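Q: Below is a structure I'd like to ask you about.
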Amino acid sequence: MAAPMTPAARPEDYEAALNAALADVPELARLLEIDPYLKPYAVDFQRRYKQFSQILKNIGENEGGIDKFSRGYESFGVHRCADGGLYCKEWAPGAEGVFLTGDFNGWNPFSYPYKKLDYGKWELYIPPKQNKSVLVPHGSKLKVVITSKSGEILYRISPWAKYVVREGDNVNYDWIHWDPEHSYEFKHSRPKKPRSLRIYESHVGISSHEGKVASYKHFTCNVLPRIKGLGYNCIQLMAIMEHAYYASFGYQITSFFAASSRYGTPEELQELVDTAHSMGIIVLLDVVHSHASKNSADGLNMFDGTDSCYFHSGPRGTHDLWDSRLFAYSSWEILRFLLSNIRWWLEEYRFDGFRFDGVTSMLYHHHGVGQGFSGDYSEYFGLQVDEDALTYLMLANHLVHTLCPDSITIAEDVSGMPALCSPISQGGGGFDYRLAMAIPDKWIQLLKEFKDEDWNMGDIVYTLTNRRYLEKCIAYAESHDQALVGDKSLAFWLMDAEMYTNMSVLTPFTPVIDRGIQLHKMIRLITHGLGGEGYLNFMGNEFGHPEWLDFPRKGNNESYHYARRQFHLTDDDLLRYKFLNNFDRDMNRLEERYGWLAAPQAYVSEKHEGNKIIAFERAGLLFIFNFHPSKSYTDYRVGTALPGKFKIVLDSDAAEYGGHQRLDHSTDFFSEAFEHNGRPYSLLVYIPSRVALILQNVDLPN
């Protein structure tokens with residue numbers, strides 16, 4: 001555990017250390033003003049900031065700045081020169097020799113040797129043919145041949161490979177030299193950074209209802225219009241970085257610079273991003289820099305014949321739970337590789353930012369395994385923190401926001417590390433948002449362990465509002481994690497097997513389906529309205545996609561049955577899925593109009609345990625939820641900050657959302673100067689059971 005500096009030790013030492021930290025970190029005073037409880041850890045922020053600044057300075061002195069340093073992909077790998085020749089470069093510090101082989105030389109392993117340079121680098125120039133044509137044409141198969149110090153001959157894919165494919169029944173991927181005559185020309189500029197972030201988490205491969213791997217083209221033509229129609233302004237693309245094992249959900253990366261070929265070509269991914277931009281939708285990449293696949297024949301592992309090339313050697317270089325390799329973030333060339341990878345996806349594919357996967361694993365030497373984070377600040381400082389990894393994340397955020405000031409970075413961190421989403425100038429991590437990972441766990445816990453009448457309103461509100469001041473959160477009721485095999489989506493927890501038999505509008509509501517549809521809407525709206533400064537939905541869950549996600553693997557006889565999204569269910573007018581889809585669409589459109597995600601955190605005026613009522617105000621709107629399974633309330637008094645006439649702008653009980661139409665939308669609700677629940681005004685409202693309402697004060701300017 002950390003040993004914080006405390007005034008009790010020697011007051012003069014404490015003050016001196018605090019003043020030194022404030023002098024070194026430009027805006028640390030602001031961070032400590034926001035959260036005075038961080039004062040004992042000022043020296044930790046000082047050390048982290050100085051380490052970040054020193055590496056940035058070293059990069060400037062030795063590489064000409066981070067701009068040049070992050071362009072590694074322009075020289076490493078294999079490149080066509082202006083004269084038609086080929087320039088090749090690799091970093092393989094443990095190799096005895098490096099060679100290039102492939103179709104072009106009949107797979108002779110040793111006819112094209114690289115020349116050894118300083119610092120473990122190797123380079124090769126191959127002149128063009130006599131007729132000036134390229135010796136290695138577009139589409140050629142290549143391999144780097146490594147001779148190890150122990151005498152082994154190893155066939156490897158360049159870590160900088162831009163395209164790899166697996167042909168037929170081959171176990172391993174092949175490296176394809178991707179050098180098309182014409183590159184994709186982007187037609188549309190990046191959209192402006194949205195004031196409110198409404199994210200549609202997507203996986204290209206499962207985006208079809210057919211039992212197959214869907215394509216970039218399919219996603220562009222069929223899924224993008226749905227996302228636009230639903231009112232989402234951001235797509236988060238999973239499983240794009242190449243991964244040999246499809247069932248890893250894209251989290252065991254083998255080729256970091258290659259867009260997955262199982263969905264199509266690099267140009268087709270570029271077209272997908274470009275088309276999204278034309279719709280005003282920004283696109284984030286789910287980037288995996290927390291670990292890498294153990295594959296060596298088609299991955300980074302043992303690239304130069306040693307276990308310490310890109311990774312820590314020994315036990316520190318392996319994540320036992322994930323069975324994967326862990327980067328040595330203090331290594332100069334690994335920093336070049338990872339920062340260049342960030343830049344590659346920003347510039348080559350025009351992604352608008354990143355969701356960083358596995359940040360908790362990066363931040364701590366214990367990787368978060370077996371750790372129940374209590375929120376005690378000592379858990380976030382001291383020897384358990386991997387400050388090399390934290391410094392890399394600061395560098396990555398610095399690079400992203402320098403290259404594209406409007407870009408967005410999101411941290412997947414379950415630990416709740418303070419200041420992770422504070423500016424680097426304050427000593428923070430520099431992320432724009434963090435995922436509010438406790439929220440989906442709370443909903444699943446309630447559905448699994450509690451009867452509806454035992455739901456604790458205060459507990460729900462606490463989970464939805466428990467976030468650090470001025471560190472923005474992405475709220476979500478469920479993501480891909482909750483849909484994976486072994487778990488269930490919210491809809492399946494609520495309705496289970498009845499989704500197969502009782503979702504037709506031609507049959508009466510059963511109690512299970514009625515409860516499921518009403519609570520599904522309420523859970524999503526209260527998460528959207530109260531839970532954060534951004535909102536995320538995993539594809540298909542907007543309409544209550546049945547079942548779970550399970551990728552083809554030996555354990556399910558390589559079946560694609562659960563690795564698809566049945567969008568046709570919401571297009572069928574005779575099925576009730578359309579009601580949930582309609583509600584999701586109108587919830588997003590209303591947020592676009594009023595911007596509650598960009599507004600200050602809500603004021604919760606009521607969380608009544610007996611009545612099961614939650615009421616709060618945000619962005620000038622009054623949100624009211626009645627979670628009681630059977631009780632409706634006539635003339636229920638709800639507090640409000642400002643006087644005026646109120647009208648219903650969203651009603652989960654409306655017919656188009658599969659509700660029971662118990663509310664008259666022509667009704668006007670007038671406030672009176674009657675103080676209630678700490679609010680100076682209040683109004684009387686009819687609140688049916690299992691209903692969520694949003695009221696607008698029409699006397700206020702919109």
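Including glycine, each Cβ sits where the backbone N, Cα and C put it.
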Q: Looking at Y114, Y173, Y364, which is the one Swiss-Prot tags with phosphotyrosine?
A: Y173
Q: Same chain only, sequence gap of 6 or more: which residues have a CB within under 8 Å of the CB of P93 (substrate binding site)?
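A: Spatial neighbours, sequence-distant, of P93 (substrate binding site): Y119, G120, D304, T306, C309, E333.
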Q: Long-range neighbours only, meaning 6 or more apart in sequence with Cβ under 8 Å: which ones does K121 (substrate binding site) have?
A: K89, E90, W91
Q: Checking the spread of the substrate site as listed (N62, E63, W91, A92, P93, D118, Y119, G120, K121, E333, I334, L335, R336): what is the longest Cα-Cα distance, in whole Å?
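A: Comparing all Cα pairs, the maximum is 20 Å.
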Q: Do you see any of the recorded positions N62, W107, D357 whose C-alpha is within 10 Å of E412 (active site, proton donor), and which ones?
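A: Candidates kept after distance check: D357.
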Q: Same-chain residues six or more away whose CB lies under 8 A from the CB of W107 ((1,4-alpha-D-glucosyl)n binding site)?
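A: Within the chain, W107 ((1,4-alpha-D-glucosyl)n binding site) has Cβ neighbours under 8 Å at T101, K143.
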Q: What is the total of other Cβ atoms whose distance to the Cβ of E412 (active site, proton donor) is within 10 Å?
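A: Here the count is 20.
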Q: Measure from the CA atom of D357 (active site, nucleophile) to the CA atom of N62 (substrate binding site) and give the result in Å, rounded to a whole number.
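A: Spelling it out, the Cα of N62 (substrate binding site) and the Cα of D357 (active site, nucleophile) are 30 Å apart.
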Q: Among the recorded positions listed here, Y119, Y173, which has the most company in the form of other Cβ atoms within 10 Å of its Cβ?
A: Y173
Q: To see if you understand the setup: which same-chain residues, six or more apart in sequence, place their Cβ under 8 Å from that of D357 (active site, nucleophile)?
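A: Non-local contacts for D357 (active site, nucleophile): Y251, D286, V287, V288, H289, S290, E412.
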